[in-house]
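Q: Below are the features listed in TrEMBL for this protein:
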- 63-221: domain 'CP-type G' (DOMAIN)
- 72-219: domain 'EngC GTPase' (DOMAIN)
- 112, 113, 114, 115, 163, 164, 165, 166, 167, 168, 169, 170, 171: GTP binding site (BINDING)
- 245, 250, 252, 258: Zn(2+) binding site (BINDING)
Ligand SMILES: Nc1nc2c(ncn2[C@@H]2O[C@H](COP(=O)(O)OP(=O)(O)OP(=O)(O)O)[C@@H](O)[C@H]2O)c(=O)[nH]1
Ligand SMILES: [Zn+2]
């Protein structure tokens, strides 16, 4: 039996990649009821028949699952922002970070367009995220700076790019490997408006090994699923100290003897991050009130 990864699905066919070869597969009859749960990114075992078609015999256990886009076994998210044009927006970075933390993915922050940036202005932002423990890489897709480091980071893994429009995600992919382009726009926004444009994401194989998802990840509707007393755990530097607050119900707002607020005062938790926390918390609470 061969072992492979599902790159895309189309009309009940699964395109399964093993080494350099892609085989069109169908599902063994007894799996038919599982058809809708088999996802791009799933690892399968299959046999090839005389006509060259494959039959999937076994679905291997999943390591992870992302909801939007629906993909199995994603290893990491590359949160991509431009240093300028559009100007870097740390609150927006924090929002993407929360979504990535919620999905329990490894995270890399990729700051693009450093050819346009004032490195002195950028430095504190890089230091902030590095101090929290995030891996931050700086690149210029246009000038080819930092691309080797990014390639190494993508090698052998399944990655999804996420980030605002104009950050340069398509340009980056195309620089990492010629011919790779993202289907732009958030997946979830394509649903509706009377058009049947819902599509499943695909995996694009990289020549260095590994895959990237062809659609950008995440949309902000996903904050709906966060509980107000869970949000803190998606800010690693806040999560690390919440047990020191006096009240175990502390949301770190106006409660007395709050370790989080104390550390913000001392500058050991960055004010900007605390503000992002407060802002997202307020949004979650507003939604619960029925807005
Ligand atoms: N100066 C500079 N411009 C860049 C760089 N990378 C991308 N751009 C430009 O930024 C613009 C946006 O790039 P895209 O690759 O379309 O960005 P995207 O993130 O895919 O955007 P959406 O398709 O809207 O999601 C384009 O005009 C690119 O040429 C860079 O490193 N430096
Ligand atoms: Zn507190």
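For all residues, glycine too, the Cβ spot is worked out from N, Cα and C.
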Q: Comparing the binding-site residues 112, 165, 171, which residue's C-beta has the most other C-beta atoms within 10 angstroms in this structure?
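A: It comes out as 112.
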Q: Near ligand 1, which of the binding-site residues 114, 167, 245, 250, 252 have CB less than 6 Å from any of its atoms?
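A: The qualifying binding-site residues are 167.
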Q: Could you round the CA separation between residue 252 (Zn(2+) binding site) and residue 163 (GTP binding site) to a whole angstrom and send it over?
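A: Pair distance, Cα basis, whole Å: 28 Å.
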Q: Sequence gap of 6 or more, Cβ distance under 8 Å: name the residues on the same chain that satisfy this around residue 114 (GTP binding site), in order along the sequence.
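A: Those within reach of residue 114 (GTP binding site), by Cβ under 8 Å and sequence separation of 6 or more, are 83, 122, 138, 139, 140, 145, 146.
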Q: May I ask for the distance between residue 163 (GTP binding site) and residue 250 (Zn(2+) binding site), taken between their Cα atoms and rounded to an integer number of Å?
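A: Rounded to the nearest whole number, the Cα-Cα distance is 31 Å.
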Q: Can you tell me the CA-to-CA distance separating residue 171 (GTP binding site) and residue 250 (Zn(2+) binding site), as a whole number of Å?
A: 44
Q: Could you tell me which of these binding-site residues, 167, 245, 250, 258, has the greatest number of Cβ atoms within 10 Å of its own Cβ?
A: 167
Q: Quick check: with 245, 250, 252, 258 left out, which same-chain residues have Cβ atoms within 8 Å of the centroid of the Zn(2+) site Cβ atoms?
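A: Once 245, 250, 252, 258 are set aside, the remaining close residues are 242, 246, 247, 251, 253, 255, 257, 259, 260, 261.
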Q: Could you check which of the binding-site residues 114, 245, 250, 252, 258 have their CB within less than 6 A of ligand 2?
A: 245, 250, 252, 258
Q: What is the average pLDDT across the domain 'EngC GTPase' (72-219)?
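A: Mean model confidence (pLDDT) across the domain 'EngC GTPase' (72-219) is 89.
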Q: Across the domain 'EngC GTPase' (72-219), what are the DSSP residue counts per state (helix, strand, coil)?
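A: Summed over the domain 'EngC GTPase' (72-219), the classes give 50 helix, 36 strand, 62 coil.
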